[in-house]
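Have a look at the structure below, then the notes.
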């Protein structure tokens, strides 16, 4: 208990230094490095003649011309070095909090120590430290908001697939346990490499010798983590109760209380991060003790830093609570179904889904053996129809004679002709994905537009494709059609002819959205199926949300458009803030 009190008093007395430390680091990343990095990457991409970077053209980007690939690899390594410097500055700053220095002396010490350690940088140090934070202890990489780590995320749809597969889920669990084990065994190597200029090999050897009692160390770490979170969530519980009462009063009063809570939670969050870091540093830096003295406070600088933070946090709070959100995202039913109400891409599912009046129904279209068009997502028919063959192996008539099964339903395979007719009768707009493969006929897109282009234009349907050649061909034939390019993740900002982009929701960033707005292009996000994700996408102001849970998404959008429930908004903010932990 005495140690906890010491830690909390330390954080209280050093809060100005914490805010200054995080402010400097995050300001440099957000306002300086991000724009420069994006500018350089886009200029290099332009030199290759490519308009985007995705999995299907990465080799071409890296090899033609070779010097651009070399420059992009160099930029990648520069990002690694920036992330290393980012991490190093935070750990140096946290370690310096344990001293008895005033603010000015603290700043001088942090900079001098950081610069001395930067001069000792070695490739092996960078690789080990970033590997440790990325793979073995990814919690710290997310908590410290390391920019490079944010780019190395695994798209959510892949994680969802892994979790839904029993054997892969077990492998993931075993991998997680193994990484946790290695993270504990190597944890004492981190300060030896960072601060004591030890070689990675020697640091690993020493750490391995110190951590033979893995379970004991693991439980101590868990206890440090849980008690810190418990303190934070006690505060959150208090704000929830107060906000619950405030929401019963006049809206203006409720709003002011919500702003105050936003600021308080933000300050508490930085205090929590600082507390966790202090605990970690004192744990791995054996012999470091927590100390502070009241007379070391420089109240002038302290009030300046805290006052600046309060003003910035208050402005963020007002923007968060008062943002009008006049234009809610369009709702798009994923593959024409919602809540497993039928078989994907079938007329029977369309009939049910259209009753909920989504703005669009998304469907998948492929070419058949006889040059016609059928609704089917997978290239192979095995999963839904039980037939081991591809759409190009059968004529449209043969495909329409097959039955597809999913979610406990059976339906005949649907042709695009029939689907368009019924969608027109239901006054239902569509988002049509043209799926391409190497067996498509050379004139597939021209044939598609000759047959359906007028109807698509008149009904204001949208077209999308994962193949940029499809986007180019559609635009070359009919520029009035709205065509979207599907990108599984964001890397280098694309400069294409597409009217917008269909992005995996977990890879969307505010920086990407801001650049889209400057080009007057749109963003559709897939596949959002929970309230928290939908609300985050509303905050990011995406133009459309592709979902498997249409009714739930529509409910969340209705609630978001009202913007009256400040408690719900506050809890959403807490959820977003604590997503890293």
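Cβ atoms are placed via backbone N, Cα and C, with glycine included.
TrEMBL: automatically predicted annotations, no manual curation.
Positions annotated as transmembrane segment by TrEMBL: 18-36, 66-94, 126-148, 168-195, 222-246, 258-282, 303-322. Annotation source TrEMBL lists domain 'GP-PDE' at 329-557.
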Whole-number mean of pLDDT values that fall within the domain 'GP-PDE' (329-557): 95
Okay, the transmembrane segment (258-282) and the transmembrane segment (66-94): do they have at least three CB pairs under 8 Å, pairs separated by 6 or more? yes
State the residues, same chain only, that lie 6 or more residues beyond the ends of the transmembrane segment (303-322) and have a CB under 8 A from a CB inside it; answer 'none' if no residue qualifies. 15-16, 19-20, 23, 103, 255, 258-259, 262-263, 266-267, 539, 563, 566, 569, 573
Spatial neighbours of the transmembrane segment (222-246) not adjacent in sequence (6+ beyond its ends, CB under 8 Å) are 4, 8, 253-254, 257-258, 261, 264-265, 268-269, 272, 275-276, 279-280, 283, 566-567, 570-571, 574, 581
Are there residues at least six beyond either end of the transmembrane segment (168-195) with Cβ under 8 Å to its Cβ atoms? List them, or say none. 88, 91, 95, 117, 125, 128-129, 132, 135-137, 161-162, 202-204, 206-208, 210-211, 214, 217-218, 221, 281, 284-285
